[in-house]
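Swiss-Prot has this to say about the protein:
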{"type": "ACT_SITE", "residues": "73", "note": "active site, proton donor/acceptor"}
{"type": "ACT_SITE", "residues": "184", "note": "active site, proton donor/acceptor"}
{"type": "BINDING", "residues": "10, 11, 42, 43, 74, 75, 185, 186", "note": "substrate binding site"}
């Protein structure tokens, strides 16, 4: 079991920021990443559809003999995590709970901000998770949809990025939050401009970092860490042509992706 890979999936490239943190925390581990590029974005789909997609991808990854599954997608974490945990016999980790736990732990004023896509904010998934941990925390949310194309275009520190950040984050500054959750896997690429805009006194919680920390804890606690000092191998699969995934993915991962293979989930089921 320890020699098996970690499976990770997202609707596209955003989950590569989670993979990047997992590689940083657990460099010896093998990983298998699936980006559902044929059906991105998930935020516009119904919860039932997102759950069906997630179960299909989980089946694909489980057949490749993984030891743990990371749902590196906020929408899928909000809609499908429970179904995945009930269906699979391996640990399943989403990105919402780790970020929520960290935010509830570090806030001093009891006022936490959450930014994310329109779908994630509309689901109230982070607010509900934070409230479950500490009902006294006040959660202020803001959808920041333009951050996604900015991250994918690499416009992460120019005037457009700064203007967009000021527009989105001014209300959170006025609300007096002392902690801000980056509730989208694209947003770590904009961490610098977000931090400068919201102010250094506000603690940024990166859900990708927190998810990697939880994954490490689970593997260590279950004696599932790969017992070697050698660097792990990383494999990439997508459901549509990989050219765009590779172009943007190199930036998200902070290095060059290896080979990326296009697969048909329908064919896999046959």
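Placement of Cβ uses the backbone N, Cα and C atoms for every residue, glycine included.
Feature annotations (Swiss-Prot) mapped to structure.
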{"residue": "10", "record": "substrate binding site", "Cβ within 10 Å": "28"}
{"residue": "11", "record": "substrate binding site", "Cβ within 10 Å": "28"}
{"residue": "42", "record": "substrate binding site", "Cβ within 10 Å": "25"}
{"residue": "43", "record": "substrate binding site", "Cβ within 10 Å": "23"}
{"residue": "73", "record": "active site, proton donor/acceptor", "Cβ within 10 Å": "34"}
{"residue": "74", "record": "substrate binding site", "Cβ within 10 Å": "31"}
{"residue": "75", "record": "substrate binding site", "Cβ within 10 Å": "27"}
{"residue": "184", "record": "active site, proton donor/acceptor", "Cβ within 10 Å": "30"}
{"residue": "185", "record": "substrate binding site", "Cβ within 10 Å": "31"}
{"residue": "186", "record": "substrate binding site", "Cβ within 10 Å": "26"}
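In the three-state DSSP classification, residue 10 (substrate binding site) falls within a strand. Summary of the substrate site environment: with the site residues 10, 11, 42, 43, 74, 75, 185, 186 set aside, the chain residues having Cβ atoms within 8 Å of the Cβ mean position are 12, 14, 15, 40, 41, 73, 76, 117, 119, 120, 184.
Here the binding residues for substrate are 10, 11, 42, 43, 74, 75, 185, 186. Their largest Cα to Cα distance works out to 14 Å. Proximity to residue 184 (active site, proton donor/acceptor), defined by a C-alpha to C-alpha distance within 10 angstroms, is shown by the following binding-site residues from 10, 11, 42, 43, 74, 75: 74, 75. Counting in whole angstrom, residue 42 (substrate binding site) lies 9 from residue 73 (active site, proton donor/acceptor) by their C-alpha atoms. It is 7 Å from the Cα atom of residue 185 (substrate binding site) to that of residue 73 (active site, proton donor/acceptor).
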